[in-house]
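**Student:** The structure's right below; bear with me while I get my questions together.
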Amino acid sequence: MTTGGSTSEPRQQKKNIWRRMVRRKPSHLIREELHLDADEPPSASLTVSAPLPTDSPVGLRKCITFADLVLFGIGATVGAGIFVVTGEGGRMAGPGLVLSFVTACGGCLLSALAYAEFASDIPSAGSAYTFVYSSLGELFAFLNGLFLVMEYGLSGAAIAKGWTAYVTSLLSYKNADGEVINYLPPFLRDYQVNDWLSWSPLSGLLVLFLTAISVLGISSTKAFNGCITFLNIALILIFVATGLRYTSASNWDPFFPGHFSGVMQAAGVVFFSYIGFDSVTTLSEEVADKRIIPLAIFASLFIVTTLYCLTSIVLTGMVASPELDLGTPLASAFKKHGANALAFLVSLGAVTSTMATSLASLVGQPRIFYRMSCDGLLWPIFAKVDRQRQIPFYGALISGISCALLSALVNFGALVDVISAGTLLAFTSVCAGLIIRRADSPTDQHQQVPRYEAVPTEEDPSTAPPLSTIDSSIDNMSSSPDLSVSEPSSPQAANDTPSAAASPQPRRASDGSSGRVGHVRDMGAEGATAARVRWKARLGWAVGGYFSSCIAFGYAVASTTSSLLVFAAVFLLISTAAAVAYSYRMTLRSPPAPPPHPPVPPPAALSGTADPSVVGRPSSPTYRPKQRHSLDEEGESGGIEMTAMPSRERESDEGGVGHGGEGEKYMRGGGGGDGDNGFRCPCVPLLPMVGMLINCYLVCSLKVDAFYRCVATVVLGLVIYLAYGVHHSTMERQYN
């Protein structure tokens, strides 16, 4: 027996580690922490809370308005890409580039819908990290957080290096002899050391300057970002307004020189110009009115798409698509028509836009650090908030200095693909998490799952125990052996001998069927039946299989010409998509089981002394179904009853009505903090599945080196998580 026990112990440890890796943080706990950040008193039901430092009692300052949030989204998205990527996309699609931008926006919108629903319910600074934590589990959340940190850190440094190239170009020109005259001082110029190292002091100084602005506080940051973004929009509109004079209708004929395939190929190229809208959600925790977050996401995407479309129409009208310059298409278009002053003005727009994009990266990265540290997955220094500025000061300082060193010393030519791949994988995870989230919080009427709570009844108040002992006794019964009791059929049965009263007897259930009296049954996170639990597990595996088939399909289409392999990938994709849709449907359709009858706990047991002789007496509390959920204070009656409550409609501490989620007190299925008024993504699971497919295809369209570097990032994340995060997670206390 000893050998068997020693053999099962390592298996149990492995099982426990796996359960820790996939444990999810309920949304109501995240909202509780956000209430703490708002300097509201914590709820008594909070069992797991982020240990905010003593020097940060109020959390992040909530002073961001709708206009500020939209400008942050525009500034993070409209970077130097519009001044560069339009040339490459225009050569592929010709004047049809405008449709490429619309197509790319549609693909990005699918991910934005998932972001909007999550952000309206849990507006946390963690962005995709927090969204995945509440839906897919802790390990996946940690890896997504690591990808986001790499995205913001590396992109901020890489964009700063690109800013240096634009400044150098503005301060240099070619003379009549073809010699390049550079007005930039030699000690500020870039020097290439080798393939991985370089010396770029100007880019490092830019990052330090933007870091200084960000650590001054969110008010200074949003003011600077607003000025820069308004200037960028003005420069783009100047290009559109003045460029119309140089357009020619002959350049728009034919409109689709590369046919439909050219439009779609260009859409894959310009899609990366939309990456950056997710930075809006990193500021969610600092927004006063949470309802504006989804509107800000969609408004920023709409404005950015409008600017891209106007620019592409004018650019392809000014220059024939085969003659577009790949490096500086907008400035070169003006130079071709002899408008050198306008060309210089447009080039200035590339300089200012890169500043706004780099600033957005430096603002987003410390906030993800902050939320991961509050959850215990990173070191506590990142969770410290400055009292006066109310920002994650140390996180912003560490992020800025690290980013400045990377920008000044590292060559980012080999790491740009990793940034895009990590962002697309985060988009994919959020779309997958939305499918799981909806299955956890159904809104159909037949999915109103019974819950049980103790409330006063009118029977025999004189012998009822204090309500303070009821809660602990009910919790203890769920872990104790079955307590079989009988219910007296007549008043005379109450005066029988103790042995007769204690003998288990069957009784009739409320639905008319006979049921065995047993201990209080744990109905699970949603009170789900065994069939529902099985379908939810199958849905998780189906989503994982669909993700794998999307990757296989992307690589089959992007890297092979074998029609048989493509056909096999398409068949696998359709099969797994059907499995996801069917599992999702069956999960929602799985009806809840009839409410089981919990035992009638003896008063002696409720008071802490178990005496079988009193079981079944009339003074024992009885249980009756009632449409009620909240645990009332001790009332006049003094007795207790177990109530059956549809978990979809239960009152929260805020007085709103929400939807029942897994293990959550008042999880609203897509609703915001004000009940059901939050944004909900339509056509689930169809739209999230299409978003997953598009993102996975774009990941596979990158270089193969990006895949290997992403694998290396995952390995690094596993090492950090297993060495530190899994042991210091705030969910560890609930797990134990």
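Every residue gets a Cβ built from N, Cα and C, even glycine.
Summarising the annotation, TrEMBL assigns compositional bias 'Polar residues' to 465-477. The compositional bias 'Low complexity' annotation in TrEMBL covers 478-491, 498-507. Residues or ranges marked as compositional bias 'Pro residues' by TrEMBL: 591-604. Sequence annotations record features per position, and here TrEMBL assigns domain 'Cationic amino acid transporter C-terminal' to 679-729. Taken from TrEMBL, the feature region 'Disordered' covers 442-520, 590-663. The transmembrane segment feature in TrEMBL is assigned to 97-116, 128-150, 196-216, 223-244, 264-283, 295-321, 341-363, 391-412, 418-436, 539-558, 564-584, 706-726 (among others).
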**Student:** For the domain 'Cationic amino acid transporter C-terminal' (679-729), DSSP counts of helix, strand and coil?
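**Tutor:** Looking at the domain 'Cationic amino acid transporter C-terminal' (679-729) with DSSP, the answer is 40 helix, 0 strand, 11 coil.
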**Student:** Please indicate, using numbers and ranges, the residues of the same chain that are 6 or more beyond the transmembrane segment (539-558) and have a C-beta under 8 Å from a C-beta there.
**Tutor:** 428, 432, 435-436, 439, 565-566, 568-570, 572-573, 575-577, 579-580, 582-584, 587, 689, 692-693, 696-701
**Student:** Near the transmembrane segment (223-244), which residues from the same chain, at least 6 beyond its ends, have a CB less than 8 A from one of its CBs?
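**Tutor:** Same-chain contacts beyond the ends: 67-68, 71-72, 74-75, 78, 82, 213, 307, 310-311, 314-315, 317-318, 330, 333-334, 339, 342, 345-346, 348-349, 352-353, 355-356, 359-360.
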**Student:** Count the Cβ pairs between the transmembrane segment (391-412) and the transmembrane segment (196-216) that lie under 8 angstroms and are 6 or more residues apart in sequence, then report whether there are at least 3.
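**Tutor:** Yes, the transmembrane segment (391-412) and the transmembrane segment (196-216) are in contact.
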**Student:** As a test: from 97-116, 128-150, 196-216, 264-283, 418-436, pick the stretch that has the greatest number of Cβ pairs under 8 Å with the transmembrane segment (295-321).
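**Tutor:** The stretch with the most contacts is 97-116.
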**Student:** Looking only at the domain 'Cationic amino acid transporter C-terminal' (679-729), what is the model's average confidence as pLDDT?
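**Tutor:** In the predicted model, the domain 'Cationic amino acid transporter C-terminal' (679-729) has a mean pLDDT of 88.
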**Student:** For the transmembrane segment (97-116), what are the same-chain contacts with Cβ under 8 Å, counting residues 6+ beyond its ends?
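**Tutor:** Residues 86, 89-90, 127-128, 131, 263-264, 266-271, 273-275, 277-278, 281, 293-294, 297-298, 301, 304-305, 308-309, 312-313, 315-316, 427, 430-431, 433-434, 679, 681-682, 687-688, 690-691, 694-695.
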**Student:** Counting Cβ pairs under 8 Å to the transmembrane segment (128-150), which of 264-283, 341-363, 418-436 comes out on top?
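**Tutor:** That would be 418-436.
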**Student:** With a Cβ cut-off under 8 Å, give me the same-chain residues at least six positions beyond the ends of the transmembrane segment (264-283) that come close to it.
**Tutor:** 64, 69, 72-73, 76-77, 79, 81-82, 85-86, 88-90, 92-93, 96-97, 99-101, 103-105, 107-108, 112, 115, 118-119, 123, 125-128, 152, 218, 258, 293, 296-297, 300-301, 304, 308, 357, 360-361, 363-364, 367-368, 420, 423, 426-427, 697-698, 701
